[in-house]
Amino acid sequence: MERLQGLLLWLLLSPSVVWASRGPLRPLCRPVNATLAAENEFCPVCITFTTSICAGYCPSMVRVLPAALPPVPQPVCTYRELAFASVRLPGCPPGVDPIVSFPVALSCRCGPCRLSSSDCGGPRTQPMACDLPHLPGLLLL
């Protein structure tokens, strides 16, 4: 009987040991490449470009008794260090600024969501798309 209990315990624990040795099941917060769209209502086309954004899993906690205590702030994957780059929208009429600037993630961290610099709305059901005709490629400055 003792041997059977030991075998059962080994069977229950062995998958978790294998999973733990491979690291987390979800990728942790880090810079990843993403394709974004840029447009201006006064310019005739929309362009797509690739930049790095912060994405990934941040450990979080949910209270067991949510009604008794205030909610726990949930951390999000956000910028630690960033730089800015720019693209030029082609075909803009004179007097319209054709330059669109965007952040480039250099490093990321888990922390509170700052609405001034981040979109904290969660995953999108539809990717960002252009309203104007799309011009493939990019023109980095």
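Note: Cβ is positioned from N, Cα and C throughout, glycine not excepted.
Source: prediction; values computed, not measured.
Look at Swiss-Prot and you will find 1-20 tagged as signal peptide.
Secondary structure at Cys77 (disulfide bond), as computed by DSSP, is strand. The Cβ of Cys77 (disulfide bond) lies under 8 Å from the Cβ of Cys29, Arg30, Cys54, Ala55, Gly56, Tyr57, Cys58, Cys108, Arg109, Cys110, each of which sits 6+ residues away along the same chain. For Cys29-Cys77 (among others), the entry in Swiss-Prot reads disulfide bond, with the evidence type similarity to another entry.
Per Swiss-Prot, N-linked glycosylation site is recorded for Asn33. Taking the Cβ of Asn33 (N-linked glycosylation site) as centre and 10 Å as the limit, one finds 10 other Cβ atoms among all the protein chains shown.
Neighbour list (Cys92 (disulfide bond), Cβ cut-off 8 Å, at least 6 residues apart, same chain): Asn40, Phe42, Cys43, Pro44, Pro98. Look at Cys92 (disulfide bond): DSSP puts it in coil. The disulfide bond annotation in Swiss-Prot covers Cys43-Cys92 (among others).
If you look up Swiss-Prot, you'll see Cys54-Cys108 (among others) marked as disulfide bond.
In three-state terms derived from DSSP, Cys110 (disulfide bond) belongs to an extended strand segment. According to Swiss-Prot, the disulfide bond annotation covers Cys58-Cys110 (among others), on the basis of similarity to another entry.
Residues or ranges marked as disulfide bond in Swiss-Prot (evidence: similarity to another entry): Cys113-Cys120 (among others).
In three-state terms derived from DSSP, Cys43 (disulfide bond) belongs to neither a helical nor a strand segment and is classed as coil.
Cα separation, Asn33 (N-linked glycosylation site) to Cys113 (disulfide bond), rounded: 20 Å.
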